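Contents: one structure, followed by commentary.
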Amino acid sequence: MSAPEGSSTHGPLARRLTVLSGPSGVGKSTVVAEIRRSHPEVWLSVSVTTRAPRPGETDGVQYFFVDDAGFDRLVAEGELLEWAEFAGNRYGTPRRPVEERLARGEPVLLEIDLQGARQVRRSMPQARLVFLAPPSWEELVRRLTGRGTEPPDVIERRLEAARVELAAEKEFDVTLVNTSVQDVCDELLALMAVQ
Ligand code: 5GP
């Protein structure tokens, strides 16, 4: 289904699109989980990933978990708005649910990595890109090593990615420092104009 003339998601409608990005371990998913809890009416895009579920993760809630062939098929069929490889796994945003909501003028929040944020910047220049920054580098290392769910080589890859991602802050429209999850949620919801 194509969008009617003048309502392309590349145009003004994309203003309703907010992209939350930032280094792995900075707390993006905690912020998103808190918004889900306190504002269940806010629709959050659910990404597709080839990563294995962590304990407590449910298919269709945090992610849609697919195998490599399933991900290849989504890419080939143009079903992903953006996708990226991150620390050995692939992650992508299903295109259709996002476009449908934007076409209805509803706010949309994507929580994606830096490569994905750059793709959205190119394809939808009017989207608002929000960078979630850690209070300090030491705090980010503590969070990444303290999660206890990943083996050391995975943590090392994520720290490497985090160094690169921190340097990208200037590409974003807004920076929020994650000193308090509640404050970040409030600021993000205000940006999205959700009361
Ligand atoms: P995790 O494995 O910790 O859940 O996520 C790893 C990274 O992938 C995080 O930085 C997260 O923001 C990013 N990510 C999650 N979903 C998507 C997506 O749909 N697209 C892109 N580009 N990155 C994603």
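Glycine residues also receive a Cβ, built from the backbone N, Cα and C atoms like all the rest.
Unlike curated records, TrEMBL annotations are generated automatically.
As recorded in TrEMBL:
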BINDING   Gly22, Pro23, Ser24, Gly25, Val26, Gly27, Lys28, Ser29  ATP binding site
COMPBIAS  1-10  compositional bias 'Polar residues'
DOMAIN    15-193  domain 'Guanylate kinase-like'
REGION    1-26  region 'Disordered'
Quick test of your reading of the structure: among the binding-site residues Pro23, Ser24, Gly25, Val26, Gly27, whose CB sits under 6 A from ligand 1?
Ser24
To which of the binding-site residues Gly22, Pro23, Gly25, Gly27 does the lowest count of other Cβ atoms within 10 Å belong?
Gly27
Average model confidence [pLDDT] within the domain 'Guanylate kinase-like' (15-193):
92
With every protein chain in view, how many other Cβ atoms are within 10 Å of the Cβ of Val26 (ATP binding site)?
27
Set of same-chain residues at least 6 away whose C-beta sits under 8 angstroms from Ser24 (ATP binding site):
Phe86, Ala87, Asp113, Leu144, Arg158, Ala161, Ala162, Glu165
Cβ-centroid neighbours of ATP site Gly22, Pro23, Ser24, Gly25, Val26, Gly27, Lys28, Ser29, 8 Å, sequence order:
Leu132, Pro134, Leu140, Arg143, Asn178
Are there any residues in the same chain, six or more apart in sequence, whose C-beta is under 8 angstroms from the C-beta of Lys28 (ATP binding site), and if so which?
Leu20, Ser21, Gly22, Glu111, Leu132
